[in-house]
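**Q** Provided herewith is a single structure, encoded as structure tokens, for subsequent inquiry.
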Amino acid sequence: MSGTVAAEFARLYGAEPHGVWAAPGRVNLIGEHTDYNDGFVMPFALPHTAVAAVARRDDGVLRLHSADVAGPVAEMAVDGLAPGTDKNWTAYPAGVVWALREAGHAVTGADVHLASTVPSGAGLSSSAALEVVVASALNDLFSLGLSGRRLARLCQRAENVYVGAPVGIMDQTAAACCEAGHALFLDTRDLSQRQIPFDLEAEGLRLLVVDTQVKHSHSEGEYGKRRAGCEKGAALLGVAALRDIPYDGLDAALERLGDEEEVRRLVRHVVTEDQRVERVVQLLEAGDVRAIGPVLVEGHASLRDDFRISCRELDLVVDTALAAGALGARMTGGGFGGSAIVLTEYADVPAVTKAVEEAFAAAELSPPRVFEAVPSPGARRLDWLSGAGSPAS
Ligand code: GAF
């Protein structure tokens with residue numbers, strides 16, 4: 001795709017880009033709604049990427065275009081960028097430029113053309129892929145020398161402040177820091193991380209992503225409510241974040257919350273979910289990949305019953321896949337629609353896929369999109385032969 005994106009850049013802007021970059025979408029294996037509680041997460045990168053052809057400018061002009069959104073090139077002045085003013089897709093890349101400049105980095109403009117294969121609105125982190133690919137390009141073109149962790153923080157700031165979405169740090173860190181063949185064990189408090197080998201093929205396993213194609217319009221408000229509820233729980237318990245409640249202190253914490261039933265459920269999910277991430281890390285490091293299946297299922301039940309962010313379609317995927325022999329399944333991402341993941345023996349992929357498709361048809365739901373997720377690399381500069389406008393990869 002790098003050659004196509006570069007050729008389109010040349011057509012739009014009348015000159016070749018200075019380079020082409022890619023950043024992936026992600027699935028989260030386990031650790032949901034823990035990242036804004038300073039907890040643990042474990043995403044891995046998808047092969048699907050946002051690709052950006054970019055040229056540096058030094059005249060204060062930012063020009064943005066996307067192959068995925070109809071419309072002309074958007075043009076703006078970098079010193080006129082202001083949070084909350086842009087309600088279009090351009091807020092994501094422009095927000096990155098704003099966040100870099102606000103942090104004191106001299107980004108003096110750019111021409112950008114983007115194209116993405118990360119499904120949008122599917123809970124697979126298409127926005128973070130857009131942010132991180134632009135941040136990676138600017139990091140290189142302006143020789144900023146920023147680490148993947150730092151880029152992730154700035155991209156999160158762009159999304160929190162410029163776009164106005166109160167997300168955590170998981171998706172941006174996944175896009176920036178994941179490695180092929182690994183899941184990323186991330187402590188979202190200090191961003192310390194460990195790459196955990198996760199080679200499904202070698203184990204005779206597959207991980208399917210089932211995109212329910214359900215997009216719930218109220219999800220952003222619900223996300224904010226869950227976050228506020230978790231912060232209330234931490235305040236009532238006198239800790240900086242729910243991560244500070246140890247698993248063996250959960251019962252005492254729930255007792256202290258008395259009749260705050262809603263907060264009790266949120267706290268129970270977050271504290272047990274952090275513990276599930278640690279269990280999955282231990283199992284994977286012990287080479288016992290199949291044993292993570294039941295932990296994924298527990299995680300789904302907790303999101304459905306305690307955190308209350310699942311939906312009929314996600315539950316249908318999980319229940320049907322398990323009944324068809326899958327080892328584990330759960331919703332992934334923010335919830336209220338989007339995607340579920342299914343861990344299954346390679347030999348069972350056709351039966352599990354068929355069962356899920358048939359269950360959706362029987363329930364008169366539109367067909368889900370099912371594909372295999374192979375743990376893939378994080379953000380990178382792509383090889384691309386300038387001059388001919390042809391791809392090297
Ligand atoms: C969304 C957010 F962007 C992440 O930060 C994270 O909170 C996730 O929902 C839930 O785990 O993807």
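One is the number of the first residue shown, and numbering goes on along the chain from there.
In case you wondered, yes, glycine gets a Cβ from its N, Cα and C as well.
Just so you know, TrEMBL annotations are computer predictions that nobody has curated.
Here TrEMBL flags D171 as active site, proton acceptor. Sequence annotations record features per position, and here TrEMBL assigns substrate binding site to E32, H33, T34, D35, Y223. The ATP binding site annotation in TrEMBL covers S66, G121, A122, G123, L124, S125, S126, S127. Residues or ranges marked as Mg(2+) binding site in TrEMBL: S127, E159. As annotated by TrEMBL, domain 'Galactokinase N-terminal' applies to 7-56. According to TrEMBL, the feature domain 'GHMP kinase N-terminal' maps to 92-177. Annotated domain 'GHMP kinase C-terminal' per TrEMBL: 282-361, in sequence order. According to TrEMBL, the site 'Transition state stabilizer' annotation covers R26.
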**Q** I need the CA-to-CA distance for A122 (ATP binding site) versus E32 (substrate binding site), whole Å please.
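**A** The separation of the Cα atoms works out to 15 Å.
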**Q** Within 10 Å of the Cβ of L124 (ATP binding site), how many other Cβ atoms can you find? Include all protein chains, please.
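**A** So the number of other Cβ atoms within 10 Å of L124 (ATP binding site) is 26.
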**Q** Is any of S66, G121, S126 (binding-site residues) within Cβ reach of ligand 1, i.e. under 6 A, and which?
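**A** Passing the 6 Å Cβ check against ligand 1: none.
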**Q** Cβ atoms within 10 Å, counted per site: which of T34, S66, S125, S126, S127 has the most, among these binding-site residues?
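**A** Max Cβ neighbours within 10 Å, all protein chains included: S125.
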**Q** For the recorded substrate site formed by E32, H33, T34, D35, Y223, name the remaining residues of the chain with Cβ within 8 Å of the site's Cβ center, in chain order.
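**A** Close Cβ neighbours, site residues excluded: G31, Y36, N37, V41, G168, M170, R226, V270, E273, G334.
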**Q** Long-range same-chain neighbours of D35 (substrate binding site), Cβ under 8 Å, sequence gap at least 6?
**A** V41, G168, I169, M170, T188
**Q** S66 (ATP binding site) to E159 (Mg(2+) binding site): how many Å between their Cα atoms?
**A** 18
**Q** If one measures from the C-alpha of Y223 (substrate binding site) to the C-alpha of L124 (ATP binding site), what distance in angstrom results, rounded to a whole number?
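**A** That comes out at 16 Å between the alpha carbons.
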**Q** Given the recorded positions R26, H33, which one has the fewest other C-beta atoms within 10 angstroms of its C-beta?
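**A** Across R26, H33, these recorded positions, the one with fewest Cβ atoms within 10 Å is H33.
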